[in-house]
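Here is what TrEMBL records for this protein:
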type: TRANSMEM; residues: 101-125; note: transmembrane segment
type: TRANSMEM; residues: 137-156; note: transmembrane segment
type: TRANSMEM; residues: 168-189; note: transmembrane segment
type: TRANSMEM; residues: 210-229; note: transmembrane segment
type: TRANSMEM; residues: 235-257; note: transmembrane segment
type: TRANSMEM; residues: 289-310; note: transmembrane segment
type: TRANSMEM; residues: 322-341; note: transmembrane segment
type: TRANSMEM; residues: 378-401; note: transmembrane segment
type: TRANSMEM; residues: 430-452; note: transmembrane segment
type: TRANSMEM; residues: 464-488; note: transmembrane segment
Amino acid sequence: MAAKAAGAKASRNRARSQSTIVRLSGAVMRGRLRWSFTPSVADPSQWIRAMTAAKPPSPHRLPLLVHAGYGAGQIAGQVFRDAPSLLLLFFMTNALGVEPALAGAAIFFPKLFWGLISDLTVGLVSDRWKAKIPRRLWLLAGAILAPLALILLFHVPEGSPTASAAYVAGAFSLYMIVFGAFSVPYLAIGTELSDDPKERTVVMAWRMGFSAIGLLVGNALAPVLVQTWGGGRPAYSQMSLVLAGVCAVSLLIAFLASPRPVVQAVTQPALRLKAILSALTDKAFRPLLGAYLLQLVGSGLGYAAMIYFLSYNMGRKDALTQIGLIVLVMSAVVIAAQPLWIKLSASFGRKRIYIASALGHALVQALWGVMAGAPLPAIYVVVVLFALFNSGWSLMGYSLLSDVIAQDEDEHGESRAGVFSALWTGADKIGFALGGTLLTGLVLSAFGFSSALAVTGAAQPGSALVGVAMAFAYAPAAFNLAAAALYAKFGRA
């Protein structure tokens with residue numbers, strides 16, 4: 001009897017151990033491993049194999065170092081996105097003498113073509129090969145290649161305006177390939193750090209907080225350095241060296257802070273091009289992506305035209321320095337506003353806050369357009385409101401995206417974070433480029449802005465000032481209104 005009891009007990013232990021492994025493997029497949037089991041030591045080798053195959057746990061609260069380390073990577077992403085959007089068109093028209101329409105085309109089409117190809121390719125590859133090539137390794141590659149791409153972009157050889165435009169187009173093509181190589185895996189990592197929607201919102205809030213530092217570097221420090229070093233071609237070249245160093249450190253920190261790569265027990269099915277089409281037809285993702293794209297077009301217009309508005313409409317000789325101060329204020333507001341938006345979204349829902357902040361942004365952007373002659377203190381009040389609403393829809397957009405990715409994984413049993421992230425970052429880059437390069441250049445040229453006059457420092461005709469106000473204020477306001485209307489009608493909470 002004792003022998004039978006002992007045998008039955010051993011059998012139950014083996015069954016319990018196997019059951020534990022089965023439950024563990026199922027959790028790994030769903031990407032939601034929890035430390036809520038007591039493994040049996042009846043077969044230690046099974047437990048060890050399961051442990052080494054498992055994905056790290058997703059606790060309710062992530063460590064501070066993970067929050068901060070991951071968020072630090074956004075500095076490079078923000079610099080890479082914003083510095084060309086703010087400075088490259090102005091650099092080409094006012095330092096290289098390229099006409100606005102040609103300059104805008106030289107920036108936009110490489111960004112459209114290579115941005116889409118790079119983002120989608122990296123998204124598919126990082127999903128399919130994430131067991132062999134952990135996403136964090138893409139950040140290490142970015143830490144090496146991003147500085148080189150940034151330096152090449154602003155080191156333009158001497159030549160005619162047409163030759164300069166051709167060089168920028170080639171250098172910007174390389175720039176966009178490198179941008180996709182680190183930005184898509186970086187965003188995907190953030191969506192996979194936790195399975196708790198509230199915790200993912202906190203992760204994105206940290207990311208947004210560090211984006212303010214990126215704003216300071218790319219939109220405040222960079223123009224101040226250019227003005228300090230004389231504003232000509234050499235000044236832009238020297239500025240790019242500083243930004244390159246910042247990007248390298250930022251991505252290296254994110255690489256070191258990201259979870260260590262582990263071997264996955266279950267091989268993920270290969271994701272193909274049909275995964276992209278499937279993601280685009282997702283009923284929760286499609287209206288969110290459309291609204292976000294509209295807002296990015298408007299933001300691109302506003303960013304690129306800001307230097308022109310300060311220089312010509314407001315008549316500021318220290319326009320580059322003023323941009324630095326404006327961005328400093330905006331960055332402080334973005335950091336301070338994150339707890340407010342998190343609290344408001346918990347009370348009223350992400351969808352309502354997203355729409356409300358988009359409407360507020362539109363109103364403030366239009367108001368700024370009629371304040372060219374206003375005193376600086378009044379302008380800075382508008383700047384505070386502008387940054388407040390901008391940070392609101394940006395944070396809610398990323399938070400809603402993380403919910404879409406998590407819901408899609410629950411429904412399909414596999415993670416397509418790389419695909420959704422690729423489409424999202426692609427919309428970010430293409431929308432920002434469309435507004436900040438092609439549309440801004442076309443508007444300025446259509447209203448008579450002259451690069452020949454700009455290079456000599458002469459005044460622009462009155463029609464050009466109307467075009468600047470249109471690109472800087474009124475068109476971005478219209479795009480934000482359209483985004484709010486789209487998501488209000490079709491978006492899902």
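Each residue, glycine too, has its Cβ placed from N, Cα and C.
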Selection from 168-189, 322-341, 430-452, the stretch that has most Cβ pairs under 8 A to the transmembrane segment (378-401): 322-341
Segment-segment contact (the transmembrane segment (430-452); the transmembrane segment (289-310)) at 3 or more Cβ pairs under 8 Å: yes
The transmembrane segment (322-341) in contact with the transmembrane segment (464-488), cutoff 8 A, at least 3 CB pairs, sep 6+: no
Cβ-Cβ under 8 Å with the transmembrane segment (168-189): same-chain residues at least 6 beyond its ends: 70, 73-74, 76-77, 80-81, 84, 88, 92, 96, 103, 106-107, 109-111, 113-115, 117-119, 121-123, 126-127, 135-136, 138-139, 141-143, 145-146, 148-150, 152-153, 156, 251, 254, 258, 417-418, 421-422, 424-425, 429
The transmembrane segment (137-156) vs the transmembrane segment (464-488): 3 or more CB pairs under 8 Å: no
Range from 101-125, 210-229, 235-257, 289-310 with the greatest count of C-beta pairs under 8 A to the transmembrane segment (464-488): 289-310
Spatial neighbours of the transmembrane segment (210-229) far in sequence, C-beta under 8 Å, 6+ residues away: 71-83, 86-87, 235-236, 238-239, 242-243, 246, 250, 303, 307, 318, 320-321, 323-328, 330-332, 334-335, 394
